[in-house]
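Reviewing the structure listed below.
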Amino acid sequence: MNSRLIVTGTDTGIGKTVFSAALCHALGAVYWKPVQSGLEEETDSEIVARLAQASPQRILPEAWRLNTPASPHLSARLDGVEIRPEEMHIPATSLPLVIEGAGGLLVPLNDKTLFADLFAIWRIPAILCARAALGTINHTLLSLEAMRSRDIPVLGVAFIGEANEDTETTIAHLGRVKRLGRLPLLDDLSPEKLHHSFARNFHIDDFAGVAR
């Protein structure tokens with residue numbers, strides 16, 4: 001079976017999509033964003049296609065495309081629809097698959113289901129993206145507890161931002177989790193800069209061959 005990985009995060013806007021693009025490029029993976037909230041600006045699928053330099057065949061269509069950039073449950077309500085998680089089936093691919101959640105781990109899909117609940121059903125190894133800034137210890141440890149309470153397999157934590165050695169070490173130790181690496185913030189972000197930075201700061205063997 002090919003690698004299948006979930007990319008989730010401690011919060012929205014922390015860099016999951018940029019990390020996902022780097023990971024897709026490194027693995028030659030297919031990308032899938034099940035729920036896209038907000039269509040006026042460049043979507044996450046479009047960002048990944050550009051930064052990963054991925055062909056259209058490697059960017060799968062979203063299961064739900066919602067107009068308002070908000071939590072999926074609210075965005076769906078404003079569009080007059082309800083997200084039905086039971087209808088979201090993991091696509092079969094011949095290549096590795098990277099699945100990116102929307103917002104943070106506990107973002108609601110509807111009035112009953114959180115993204116974490118869907119991940120618990122899928123049981124695919126998940127990468128938790130976390131800031132390296134002040135406050136991230138609490139956010140990251142809480143997210144890890146939420147994942148483990150649902151038996152979501154945790155591959156490790158990917159930090160995003162400026163280096164904070166003590167914070168990263170503390171999270172790895174207290175969270176009993178693998179520290180996968182840290183993706184620094186990049187000025188004038190380009191595909192080439194992103195690919196080079198990922199290769200310097202992560203070990204591809206930590207991601208390759210992971211399957212459930």
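Any Cβ shown, glycine's included, is placed from N, Cα and C.
Pulled from Swiss-Prot:
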type	residues	note
BINDING	GLY13, ILE14, GLY15, LYS16, THR17, VAL18, GLU100, GLY101, ALA102, GLY103, PRO184, LEU185, LEU186	ATP binding site
BINDING	THR17, GLU100	Mg(2+) binding site
ACT_SITE	LYS33	active site
BINDING	SER37	substrate binding site
Within the same chain, the residues at least 6 apart in sequence whose Cβ is under 8 angstroms from that of GLY15 (ATP binding site) are GLY9, CYS129, ILE160, GLY161, LEU183, LEU185
Pairwise Cα distance maximum in Å, ATP-binding residues per record: GLY13, ILE14, GLY15, LYS16, THR17, VAL18, GLU100, GLY101, ALA102, GLY103, PRO184, LEU185, LEU186
22
Which secondary structure state does DSSP assign to ALA102 (ATP binding site), in the simple three-class scheme?
coil
Provide the number of Cβ atoms within 10 Å of the Cβ of GLY13 (ATP binding site), excluding the reference atom itself.
10
When distances run from the Cα of LYS33 (active site) to each of the binding-site residues GLY13, THR17, GLU100, LEU186, the nearest one
GLU100
Of these binding-site residues, THR17, SER37, which scores lowest on Cβ atoms within 10 Å?
THR17
Can you tell me whether DSSP puts the residue listed as 'substrate binding site' in helix, strand or coil?
strand
If you count the C-beta atoms lying within 10 Å of each candidate's C-beta, which of the binding-site residues ALA102, LEU186 ends up with the smallest number?
LEU186
